[in-house]
Ligand code: NAP
């Protein structure tokens, strides 16, 4: 039988480093190889921000890796294992049958004015925004010029990211069983020239959202990161062919995650 490779990915908080050390010792007892090289499972230890960083770190190996999140501090959306549960986590890894839940990822392709192309993956969302002055963008759905946006920005989120920034913009929460992208507006201006739908839209896999800046340029954020500021001609957003694989060692549903994060146990 092949030995399982597990990578521990803590943030730099002392508690996360302690948990990583404890997990390393416990995993050694079940003959798991703790390594950063070609991991089968990556365990992020921290908050959701740490989980998002772990996904970016291993974005070139997503077809072979499953992810788990241990939360140091309060319960996170992706990081659903508490520090007090790490013995159970190690037992589940020892008995692992490859249980997996897939979460759709988004691909964003940025075509810069100088001809360069940047391709990024996002687990949560990509946000185009501008804090000073408004932003004007043409929004295409496939080849259809759908609307002319003017305002603070746009958020294009995945189903898993629908509970992040998208939720603060009154977007809907989407079950990650749906391969879909949601676009929500950030403070749109509506007048005779610029007119937008005003409500979030949800597009299916295979459909592309294309953004062409008309006036000014925005910052381009993806998950916890930002691309270097540079003039771009268009950005194309679509569902990535490769989903994120979550190791479903706790058998926890998306809606249980949502309840844990936002509603709590009291009802
Ligand atoms: P951050 O600004 O340090 O944290 C933002 C908060 O969002 C944290 O409480 C984080 O949980 C939580 N979060 C992240 N992804 C989530 C998800 N899918 N569902 C529910 N909550 C989620 O930034 P960060 O930790 O690097 O995370 C970046 C993400 O934060 C972005 O992708 C965006 O979705 C979200 N964000 C939201 C707003 C907003 O709602 N106004 C503003 C900025 C960023 P933890 O405490 O467990 O890390």
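Using the three backbone atoms N, Cα and C, a Cβ is placed for every residue, glycine included.
What TrEMBL says about a protein is an automatic prediction, not a curated fact.
The active site, proton acceptor annotation in TrEMBL covers 48. For the recorded site, residue 48 (active site, proton acceptor), the DSSP three-state label reads helix. Within 10 Å of the C-beta of residue 48 (active site, proton acceptor) there are 21 other C-beta atoms, taking all protein chains into account.
Under the heading NAD(+) binding site, TrEMBL lists 48, 49, 124, 125, 150, 152, 160, 163, 164, 165, 166, 167, 168, 187.
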Span of 48, 49, 124, 125, 150, 152, 160, 163, 164, 165, 166, 167, 168, 187 around NAD(+) - largest C-alpha separation, Å: 31
C-alpha spacing of residue 166 (NAD(+) binding site) relative to residue 48 (active site, proton acceptor), in angstrom: 15
CB within-chain contacts under 8 A for residue 166 (NAD(+) binding site), separation at least 6: 125, 155, 157, 182, 184, 200
Cβ neighbours of residue 168 (NAD(+) binding site) where a neighbour is any other Cβ within 10 Å: 11
Collapsed DSSP category at residue 124 (NAD(+) binding site): coil
